[in-house]
Amino acid sequence: MHFNLVDVALLAAFTVAVLDGLRRGFVPYASELTAFVLGLGLAFILFEPLGGLLHRSLGVATGLADFGAFLLFLAIGHAVAIAPVQRWASAAAAGIQPRLRADVFRAVSAVPAFGVAIVVSALVLSALVVVPGTPRTLVSGSALGATLAGHTTFMQPPLRTLLVPANTESRRILDSDPTSNPGEDAFYRLQFPANLMVEADAAAEDRMLQRINTARADVGVSPLRMDPVLQDAARQHSRDMYARHYFSHQTPDKKSPYDRLREARFHFVAAGENIAFAPDPDQAWTSLMHSPDHRSNIVNPDFRCVGIGAYKGVGGYEEMFTQDFADCT
């Protein structure tokens, strides 16, 4: 992850919010934060049932019905909550202010404004993450953006329903869905244009390494380092699966992951490989961690290094991931 335009925009938004909070005081932003969060929660919970009802009873297009229901519940929740919340915020301010110095209370007044900026930023980032294309890559490659989006993943499923039409989130590249954990001999043919352009996704590789080492830390296992030879082997396999239209640990000429590592002149005693295809690294990660065999590779204490290769098809196609693990003897 690197500091990019997403981080600049977030820092600017946070700064403006804090300065405005210092100017306007505690009550307006505390009221707005609470009412907006309540309205947002109501909208997330109830928009699908109402959207489905509008679609079935009135024939409204599903996407339009869902989006309309979401905005309706957001507005209703905010309108119902704002008056009592303002009374609560005024009472809270009246109770807090006498106990604090004027400069301290003024600083406290900026906290709700910062909270509003955080919630709105998380909502926008989550929307960018679920929509295929460049914005998703910018978010996953940013320092602040990826961190904030990673802590608010609960927003992404409802936003995906709202913003991404069914079956068009990314263009399918498989004739049929593979199992969640294809065996070493499983082989799936891919289906996409012969002239499809692909490109490496270094930001996705960095994101995946971060997720791997977080998972290893959670179980008390030492982190993995990215090995350049392993990474090149992983990238070659992801690229080869696109080039020769397949999804498998085995290449069309029957080379296993171990054969490929030996061809790369990589010395190992223990090694393993995970492959996945998904619209983005976070969804690929979820799929891998729900597979016991994939997860065992990720948290295997015998492994000391990893190579991660991520390639995506230009134009909204799903992304191919290869993780090659080894003991790095």
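Going from the start of the chain as shown, residues are counted 1 onward.
Glycine is no exception: its Cβ is also placed from the backbone N, Cα and C atoms.
Features reported for this protein in TrEMBL:
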type     : residues : note
DOMAIN   : 209-325  : domain 'SCP'
TRANSMEM : 29-47    : transmembrane segment
TRANSMEM : 67-86    : transmembrane segment
TRANSMEM : 107-131  : transmembrane segment
Residues of the parent chain within Cβ reach of the transmembrane segment (107-131), under 8 Å, 6 or more residues beyond its termini: 6, 10, 13-14, 16-18, 20-22, 24-26, 29-30, 32-33, 36-37, 40, 96, 100, 138-140, 145, 148-149, 151-153, 155-156, 159-160, 163-164, 169, 280, 282
The domain 'SCP' (209-325) - residue tally per DSSP class, helix then strand then coil: 49 helix, 29 strand, 39 coil
Stretch-averaged pLDDT - the domain 'SCP' (209-325): 91
